[in-house]
Amino acid sequence: MAKKCFCISGKIFALNLFGKRYSKKIIKKRDLKKYRLYLHPAVAVDGIIEKDNKILLIKRKNNPFKGCFALPGGFVECGETVEEAVVREIKEETGLIPKVKSLLGVYSSPDRDPRGHVISIVFILDVIGGELKAGDDAKEAEFFDLNNLPKLAFDHEKIIKDYMRWKNG
């Protein structure tokens, strides 16, 4: 899961050094000694969209938790903000066009994802367009009554409980 760098034609492609963006910067192997490379957790985003006391969930097409329901979301790609990532992931998985409304929270338990240490940043979003249709790595996309949710993947049950506390404030 933890990737520091990889080789391109005998040179090193550094993705992130000391928290600064070095997008597509090629660094010679001998110059890499100047930098200390660290293993980092992966960063993911999840989105909460509510409509008529129902919450949008997707059925996962792939492992981990294949066949389980989850909040729509995924990994942040290099060069995008977390807000851009959550909008992209929701478009890809549900067909809806969302707009970020608020930050709900950050979930960072090292064991929340069986693939490794993944930090998830969770946003509350409004729908501004699109049509609900499962896509990308979502087998299904549908709204579920907040009082009758299916078994959820990862720590998404905790996230939804936190959302309900935020909502009822």
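Glycine is treated like the rest: Cβ placed from N, Cα and C.
Swiss-Prot assigns the feature motif 'Nudix box' to one of the listed ranges (74-95, 96-117), namely 74-95. Each residue contributes its Cα atom, and for Glu89 (Mg(2+) 2 binding site) and Glu140 (active site, proton acceptor) these two points are 14 Å apart. Taking each Cβ in turn and tallying the other Cβ atoms within 10 Å, the top scorer among the recorded positions Asp111, Glu140 is Glu140. With a cut-off of 8 Å between CB atoms and residues at least 6 apart in sequence, the same chain places Ile58, Pro72, Gly73, Gly74, Ala134, Gly135, Asp136, Asp137, Ala138, Ala141 near Glu93 (Mg(2+) 1 binding site), listed in sequence order. Here Pro110 (substrate binding site) comes close to Pro41, His117: these same-chain residues lie at least six apart in sequence, with C-beta atoms under 8 angstroms from its C-beta.
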